[in-house]
Amino acid sequence: MTEAKSYKDTVNLPQTRFDMRANANKREPEIQQYWQEKGIYADLADNNPKDLFVLHDGPPYANGALHMGHALNKVLKDIINKYKLLQGHKVHYVPGWDCHGLPIELKVLQSLKSSERAELTPLTLRHKARDFALKAQQEQAVGFQRYGIWGDWKKPYLTLTPEYEAAQIGVFGAMALKGYIYRGLKPVHWSPSSRTALAEAELEYPEGHTSRSIYVSFPITQAGEKAAEILAPYIDDLAVAIWTTTPWTLPGNLAVALNPELTYAVVETESHIFHRSYLIVALDLVEKLSETFGVKLTVKVTLQGESLENTCYQHPLFDRVSPIVIGGDYVTTESGTGLVHTAPGHGQEDYVVGQRYGLPILSPVDAAGNLTEEAGKFAGLNVLNDANEAIINALQDQKVLLKEEAYEHKYPYDWRTKKPTIFRATEQWFASVEGFRDQALKAIKEVTWIPTQGENRITPMVGDRSDWCISRQRAWGVPIPVFYDEETSEPLLTEETINHVQQIIAEKGSDAWWELTVEELLPEAYRNNGRTYRKGEDTMDVWFDSGSSWAAVANAKNRPLKYPVDMYLEGSDQHRGWFQSSLLTSVAVNGIAPYKTVLTHGFVLDEKGHKMSKSLGNVVDPYQIINGGKNQKQEPAYGADVLRLWVASVDYANDVPIGQGILKQLVDIRNKIRNTARFLLGNLHDFNPETDAVAYEDLPELDRYMLHRMTEVFTEVTEAYESFQFFKFFQTVQNFCVVDLSNFYLDIAKDRLYISAPNAPRRRSCQTILQLALENLTKAIAPVLCHLAEDIWQFLPYEKPTESVFQSGWVNLDAQWQQPQLAQKWVSLRQLRDGINQLLEQARRDKVIGSSLEAKLIIVDPRTAESGTDEKQGENFVHWFYGWLENFNEPTFDPNDRKISLRNIFLTSQVEFIKSAEIEPSFTYEETVVINLERHDNNIRTKPIKIIVTKADGHKCERCWNYSTQVGSFSDDPTICERCNEALQGNF
């Protein structure tokens, strides 16, 4: 008995060194090293032919390890930058860091012993803070680069460098000389725990804050002119009722504000149980206050709010009389009494009203939050601790406390120390937003906001905001370059002094403010002018630091950037942070927004949609995603591309989830894309596009349909990138790899690729499509899966078109590939194929067949002799479609025949067409497949086509595994079919 002949070496199996596994932890750093050694980013950034695109980096804080928010933000930016590079734009991305401010200062102080803190000078603290910031910045930079982020890493911008600080002084100076900077005693958000003023963006409002709210009666001493007659019967036993959630501010009370549009009532208290028998309250609140006080209130008389103006009352705890004044629409009947306790030193609205009435600014609280001597017997008490208790007790002693109750509400906390803040009037430096508010609002309208609700968020923030307090009482920051006359305390701030300090800081850095004497810091003209000066001790708000980056970076002469820049991209919290501070400084100095487009993203949550916190144990660490955890089996190293794919998969306009379940799904998708590319690479091992590619007009229909499909897919991908909707890229590419390629085209292609003669036209035609799909797919995924794309490119089995995939340009689509009419037929055919696959799967499950090649497919002629009028269009299509199917004859053995048979498409050994009358009962499986037929008027008609699956005829070919009745017909090769016989001779 002769041994069976082996045909293994005659089959064109895939060949590639491209690994099935990503080995990301090893391979990604190698690819990053390759980019660096070849200078890929620098070459493209400088030499691409199209206009410069600048996405200006919002500086993360140089403090602590990177978290998922950093990853989301930086990867989004990098996807956009890499897409722009592939589109041919020059791109200069300068990563930045915010290096000054309280958080770093606190970290330094926490690292010192109490004895060291006591001896700390401002300069020593600054040196330690600088070292801390630089170390954190360098660690973060390494992390960002491991994400695959491209940028000018050798020359980032740091807000602590002399050139940056000097540019910031320049912005401050320009605003000062325009009259937008002033010094004033105003209430500001003050953090007793940090002992400094805070900006709105440095506050947070945690849930669950409870205040001691009180209702208090202030005895009326004299009625105002308009109310005298109405109040006369009650004046000797009358009080005004107020409500406050901050009892500690009562020592600063200088007025009671009302709403002139509201109606107020004099009410009599049942049994006259209070200090005064009659109270003034808002009419709409009488019933509610009766319930609150637990006493019946009877309305005696009503009067309009404006008539109560200038009615006076006695402060219950201090020997002073104050007026009732007209406030604004902030006085409502939603809570309280409709009358608001007003302390101009402890609130912005109170301050504005106080200025209108010429009230003094009384703020008897020191930097630590302790009441001062101006608070009389309450001096020394802390406003956030024991002051409330003492003041409430004193009110009770005076019998003016109407009610106390716990009140849960949102209250501002210091975002760093996590402790409550207060409003406190202090001498501060302000930017007068009022001076350029209208310009800022106009500039907002000229910006493209993505998503569009971003404009709706920032507009009221700018429209309603008060002047910007830009001074801080800390050492680690850029100094406000002001001098004070020793005799009068008048500030000295002129063009000459600002320019002189700016030049010094440009040369020596801001430490010079502390190192040099006043004489050295002053221009010569001010050194001997008969006056003596002292340096100011305030530093600038860090939001002024980062808000000046458009001047220090984008508009810097030593950087190849531009101003305004194309895009700012940060989290949605930056509408009140960096987006706003940048807008205000740029508009104040130049009258324009510093950006053309602003894109915002949400926050990262855990898999269940909860906020991440160490206490909950639900923190996902980007470092661990990339490098794996301690137990690599439970927490494997997924690499940066999986992290980047996650960013592209989510709708970042909202808050986005991440967790192990999501990551595992993304790994599967990354692997599917990788394995698709590996198949393409492996089947191009002997293909040279220069000599082997088949011209479009010579391609069979299936291949031309796939080119049409590529135009659809990669046009959608391009639109996804252009609209910054990367989740659409994610869905489209995933679908293309799995549905169009793996499950359809490549499934069909294996027969042509493996079985045909190596140089057969039908095989070369298929390889032409594979090569175009591979290169376009690689380019399309490159902005997101940058390491995988480069890995694929480096393993191209023919001469690479360019050194790096990023030098190859964007996807290459030919207009002639678009063939919608051709596509319509193939869409219907794919629907038919899906139905056939289900029937084959059923036969497999029942073990009637193993492989689909063991089956013969029978298609029953759906054409009828007559058609009704309504169905005529659909019937005509069915006639034509069935006829088209019948034309898929077996290809001849002419070497130039590139036809694809239906059995290849359906992956069966035979396909047969029969009339319905010919159906025999022995047929095994029968099903009706409904296909959608698109009419000329775009209406859809559904038509059924009957299909039958039965056992294939003949015997199995040992080479291609198809069944054929001609197996055994060839004496030299008795175990192969007619196709394989011709293929071995080079004819098929």
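Cβ coordinates are placed from backbone N, Cα and C, and glycine is handled just like the others.
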Which range of 60-70, 181-191, 401-411, 577-587 is motif ''HIGH' region', per Swiss-Prot: 60-70
Correct range for motif ''KMSKS' region' (source Swiss-Prot, candidates 611-615, 801-805, 831-835, 896-900): 611-615
Near-site residues: Zn(2+), ref Cys957, Cys960, Cys977, Cys980, CB cutoff 8 A to centroid: Ile755, Glu958, Arg959, Trp961, Asn962, Ser964, Val967, Ile976, Glu978, Arg979, Asn981
Same-chain residues at least 6 beyond the ends of the motif ''KMSKS' region' (611-615) whose Cβ lies under 8 Å from its Cβ atoms: 67-68, 603-605
Chain residues in Cβ proximity to the motif ''HIGH' region' (60-70) (below 8 Å; excluding those fewer than six residues from its ends, i.e. six or more beyond): 97-99, 101, 103-104, 107, 132-134, 136-137, 139-140, 143-144, 158, 571, 603-604, 612, 619-623, 658
Cys980 (Zn(2+) binding site): secondary structure state under DSSP, collapsed to three categories: helix
Sequence-distant neighbours of Cys960 (Zn(2+) binding site) in its chain (C-beta under 8 A, six or more apart): Asp751, Tyr754, Ile755, Ile976, Cys977, Arg979, Cys980
Least surrounded among the binding-site residues, given as Cys957, Cys977, when other CB atoms within 10 Å are counted: Cys957
Rounded Cα separation (Å) that holds between Lys614 (ATP binding site) and Glu570 (L-isoleucyl-5'-AMP binding site): 24
Residue counts (helix, strand, coil, in that order) that DSSP gives for the motif ''HIGH' region' (60-70): 3 helix, 1 strand, 7 coil
Per-state residue totals over the motif ''KMSKS' region' (611-615) - DSSP helix, strand, coil: 0 helix, 1 strand, 4 coil
Rounded distance in angstrom between the Cα atoms of Cys957 (Zn(2+) binding site) and Glu570 (L-isoleucyl-5'-AMP binding site): 62
